[in-house]
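Accompanying notes for the structure given below.
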Amino acid sequence: MIIAIYALKNGMIRVVQQSLLGSILSNMLLVLGCAFFAGGLIHRNKDQVFSKATAVVNSGLLLMAVMGLMFPAVLHFTHSEVRQGASEVVLSRFSSCIMLVAYASYLYFQLSGRSNIYSPIGSEEVPNEDATEEEEEAEISMWEAVTWLAVLTLWVSVLSEYLVNAIEGASDSLNLPVAFISVILLPIVGNAAEHASAIMFAMKDKLDITLGVAIGSSTQISMFVIPFCVVIGWMMGQKMDLNFQLFETATLFITVLVVAFMLQDGTANYMKGLMLILCYLIVAASFFVHVDPQSSDG
């Protein structure tokens, strides 16, 4: 979000769109795939289990996000707008407000005594066994954690400004498309901490936390950060919209479908993880040979 706001301020709308899209793709395919693969290798004698209810709700929200991104793109490329160039922006802002309401409703639903819905089948007996195992001593206090979070957020905001200003120069010097840097390289670096924690929890057979890190983060970006950036761009006078172009929208749609099918049975193994990683390699190769039609506008 910090990178996106700095890029929006500089008018780099395509960089904002592509970096946020890349974060969703990276979390859903690479992070989740590596977590399933590592957890599956450690626990190869069994299928790891996670809450299907959580996966279904998150998959539904991700499909809703795809719907929000798809209609402005279809409206644009079918040339069926009432006002050329303006209707897709208006639709994007309206859809963004709806998506923010949906995400707020999801948070309320999740926090308002519905925790039993998100528990895996047969988990009634599990907490008694795991309670003693999961009681770990806190390494730092809450206020120390808040202080470190605030300091690091300020530091990231400073680095983000340099990063945004260096993207186009890096594209020229490395001879790489801006789309590849924005969609593939930036999110891999930015999601490094999430990547490591998701793998660690999967290796400890805590897949519900892994899903919260990977799929929950994708849901947060698609249903909160992207609409929030549209609203922020609206306040800044930037025409940030939900038209991510056909190539990017189609990539996200296929990715959400693949991951939804992988999660529907509530089990994970190293084969599923390997498939997700290989899917990400296909996506990365696609963006390596993809020329952004609007790169000259950003």
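Just so it is clear, glycine is given a Cβ too, placed from its N, Cα and C backbone atoms.
Taken verbatim from TrEMBL:
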DOMAIN    2-111  domain 'Sodium/calcium exchanger membrane region'
DOMAIN    146-287  domain 'Sodium/calcium exchanger membrane region'
TRANSMEM  20-43  transmembrane segment
TRANSMEM  55-78  transmembrane segment
TRANSMEM  90-109  transmembrane segment
TRANSMEM  145-164  transmembrane segment
TRANSMEM  176-203  transmembrane segment
TRANSMEM  209-234  transmembrane segment
TRANSMEM  246-264  transmembrane segment
TRANSMEM  270-291  transmembrane segment
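For the transmembrane segment (90-109), the residues of the chain that approach it from at least six positions outside its boundaries are 57, 61, 64-65, 68, 71-72, 75, 219-220, 223-224, 226-228, 230-231, 234, 240-243, judged by C-beta separation under 8 angstroms. Below 8 A, the CB atoms of the transmembrane segment (270-291) and the transmembrane segment (20-43) form 3+ pairs separated by six or more positions in the chain. Sequence-distant contacts of the transmembrane segment (246-264) (same chain, six or more residues past either end, CB-CB distance under 8 Å): 17-18, 21, 24-25, 28-29, 32, 50, 52, 55-56, 59, 62-63, 65-66, 69-70, 73, 77, 183, 211, 215, 272, 275-276, 279, 283, 286, 290.
Across the domain 'Sodium/calcium exchanger membrane region' (146-287), DSSP assigns 120 helix, 2 strand, 20 coil. Residues 4, 62, 182-184, 186-188, 190-191, 194-195, 198-199, 201-203, 205, 207, 210-211, 213-215, 217-218, 221-222, 225-226, 229, 244, 248, 251-252, 255-256, 258-259, 268-277, 279-280, 283 of the same chain lie 6 or more positions beyond the ends of the transmembrane segment (20-43) yet place their CB under 8 Å from a CB of it. Annotation: stretch 55-78 has the most Cβ pairs under 8 Å to the transmembrane segment (209-234), among 55-78, 145-164, 176-203. Beyond the ends of the transmembrane segment (176-203), by six or more residues, the same chain brings 3, 14-15, 18-19, 21-23, 25-27, 30-32, 34-36, 38-39, 42, 48, 163, 167-168, 170, 209-210, 213-214, 217, 248, 268, 283-284, 287-288, 290-292, 295, 298 to within a C-beta distance below 8 angstroms of the stretch. Secondary structure counts, DSSP: the domain 'Sodium/calcium exchanger membrane region' (2-111) has 89 helix, 2 strand, 19 coil.
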